[in-house]
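S.K.: A single structure is presented below for examination.
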Amino acid sequence: MNNKIDDVEAYQSSQIANAYMSRASDLQRWIDDFIATFADVKPKHGIMVGNSKELNKNNFGELTSVYEQFTKELPDRVDQLESIRAEFNEISLKEGIRELQDILKWQSNLDQSWDNLDVSTGEYKSFIDKTANWHYRHGSIYHVENDILGGLEERINSLGSVGYDNLEAEAKELNEKIEKAKLMLEDTKLKANDIIDDPDDLIDLTNRKNFDDHYNEATNRLDELLASFQVALTAANNASLLAAFHAEANRIISNCGEGIAIVKSRHEDLENSGYYALEVDALGAIIRDAIDGYSESEEKLHKYDQQINIDLKNEADKLIEINPETNKNRVVNIFNKVTTALEQFSDTVALERREIELSRRVHAHAKSAHDIKNWISSCKMAVLSIQGGILDQEDEIISLEGKVASFQGVIDQFKDQSHRVLIPETNSAEIDAPQPEETNPKIKDAIQIRTNRVLEDWYGLKDLLAHLRTSLNASKESQEVSRAIKDILVAINQVKERVLNIESFITGEGVPRLPTKDDVEGGELELNEIQAEVDHILGPRIESLDEMINNLTENDSGYVQQRHGIAEALTNLANIIDTKRTQLREAHNLALFGTKADEMNALMSSLLEVVDIATTTMDGSPLSSLDKIELQSRSIELETKYDYYCPKIHQKFDECKRLAEPLKEDWRVEDRLGILKEQWSELIDVANAKKEELKRLLSGQVPKTRHSRSNSQLISARRRGVVSPGVSPSRNPLYRPSTSRNTSKTPTRLTPSPTPGSPGSPRRPPIRLLPHNVNNYVPNPNDQLDVEVARIVNACPVKIKVSMVEGEPGKYMFGEVEPKLCYCRILRSRMVMVRVGGGWAELSKFLVDNNDVTLQFILPQQNTLTWNKNTSPKQDLLSDLTKQSQQSEETKPLQGPVFMRRVSALSRRDTDSESKGQRAAVPWR
């Protein structure tokens, strides 16, 4: 039983092994066959020869066909190999395969054979590429031999029979073919040198030798053709060039003869015309015809000269160089004949040129004479149309004189031209040659006659113009003096107006504010500039006028009287300037008083702030809520600072009174001094009341209540009456005293205020302060006028829309509903003025005066506050005071404190109800 099983297993193992070996044996035979084929075909078909193009083509076709057959069968054989390898892997995994060692050996041999096939295939492919390279190199040489050099030898041998006109083209084409063949052979050689040979490979060595032999054979043939081409071309060129040279020489000789005959004919026609005595138009026509003919002859001469000395000379040199022995004597004889004919033609043209140059100079002289006579005639007509002694026509006379003076150069040139007509050009080659005028002396006589006629007309014109100038100068002097007198008087009036426009700040001029130091200095500076202009501009002009009057040749009594009028106007101007200087000196004292008043205002404001701090609490609670230590500290602080400020304020007030004493006639000074006194008096009352209140609180007593408002509210209301430092009602440009006499309902400073809290007396309402910045106009920082306008507008209590007119400096639009177009200017004192009607007004005053038209004025119902364009009250203090006052006073009638009412001394002087006794009650008067 076991033996049967063994027999079965042996049979199965044998069947599997036989099937595998059969398929492996088939693939092994295919591999061995192609390896052998590759080895056999190389020496049989891999050698390229140089004597048979068809054999090379067949051999290369056999090589490629073997490789194509291999690549065609290769995919199936690759699949067969993969199948055998898969079958081998399955057999390797089975058990009981007795032939397994034989199968392993078969598979190892098959893999080795496949690798050998891969190597053989790569070597065969490289061999085909190298053989193809040799095949293409032989093909390039065959192309040169058959397609380029074929038939070339016959064409070279027939060059001698080619005509001269076709010789160049034929030679060029042959040369191009030879050069093309040469380049192709060189390129083929370079590519063959790039082929890498194996020194041990007989096939490589054979292919290299065959190519070198083929290449050398072709190059030798090309060299032979090139040498024969050069010989044939030289002989053909020599014969053709010599024939063409002779024909060209004969043609040029004939052309020169024809040119000489034409020039001689024109010369005879010009001589017979008598051109030198003709008028300019007829002479011009004759000369144009002669010049046209000469130009044609000269152009021909230049053309023949180029043909002989360049083209023909080059051809002669070339012929002699080609064949010196045969061509030299013949070429030289021909060339000498041509040059002789050219010289004869050149001499004839040169003689005609000299004759034409003379005729052109004669024509130029005749044309100049004609033009000058026409100009003189027109100028003479213009002179005769001017009446002597009329100054309005002086410009025409000056214009004519200028034209005549500038035309003198033309006359001088004409004289010189008359002498130069008969002189030839300074050319050394022609100076000594016979001139045409030497054979015809009538030319010189005609030139001289024409010149004399022109000069007679010229001198007559100059005499006529000189007589006209003499009659004009007599009336011109008097008119110049009259114009100078008028200009000086106008200048004096303009300077006078500038002086009067300088603001002197006196009350008679209607100026409502006190001047500042800058105002006075600006006015003095402008006045000094005006005086400098009078000294350095007007003075020299008057001296020049005196010199003109002294130089008058006629009666000058009327001008002397007008000169006295100028002296009186200067004296009047000097008096006005002196008066204005005196007024500015007085304004300086006003400015000093205003400065001291502002300093006193600053001290009172500081003291009022001390009083407010000592008598108010942070949370608004009453002082009685504070402990005694705090109250005592506040009392001491108040007493100390009160004792510190009082002497200083008294001192400033005394200084103000001292400065006001010589200025007491000025209502602005009186008004400001009265306001200072009343402000200081009420401030003392407020301070004393607060000190008394602190003392009673320290002693435990309840402070007395005099009116319904709290003490802090009273201080707040009174504090609004103290002007901030630098603010002065009389120095404010918007401050204007009341002009009403009996109709004003606002009590004056001499009228005592009702006692607060008394029956029937209204309580003082809070003073509504102005916003810090009503307007916010942003100026152009590079425009000084715009900067000053912004400063005034932004400090103004008037809500107004302002805009600059673009492209028109100095023009502004004021207002929003019905805007006004206004023109502004800035003075040297930096004061901004606006044009109003026929005069000028200060911008700040103009804004308030016109608030009822287009502006929104936001001041309180009564003008109880002052405004200064340079300063404003402290923002934090004002906001606190406003808040406190508005808590209980919004519904009360509006009545400001005494020391804030703007009632001027001028209105008091004009009020009938005020007597001199009442005035005497004012302490500073």
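Note: Cβ is positioned from N, Cα and C throughout, glycine not excepted.
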S.K.: From 80-107, 164-191, 640-667, which range did TrEMBL mark with coiled coil?
M.R.: 164-191
S.K.: Can you check which of 44-64, 254-274, 905-925 TrEMBL lists as region 'Disordered'?
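M.R.: The range carrying the region 'Disordered' annotation in TrEMBL is 905-925.
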S.K.: Apart from its near flanks, which chain residues at least 6 from the ends of the coiled coil (164-191) lie with a Cβ under 8 angstroms of it?
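M.R.: Answer is 133, 137, 140-141, 143-144, 148-149, 152, 155-156, 215, 218-219, 222, 225-226, 229, 233, 236-237, 240-241, 243-244.
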S.K.: Please work out the helix, strand and coil residue numbers for the domain 'GAR' (780-854) from the DSSP assignment.
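M.R.: Each residue of the domain 'GAR' (780-854) counted once, the result is 19 helix, 25 strand, 31 coil.
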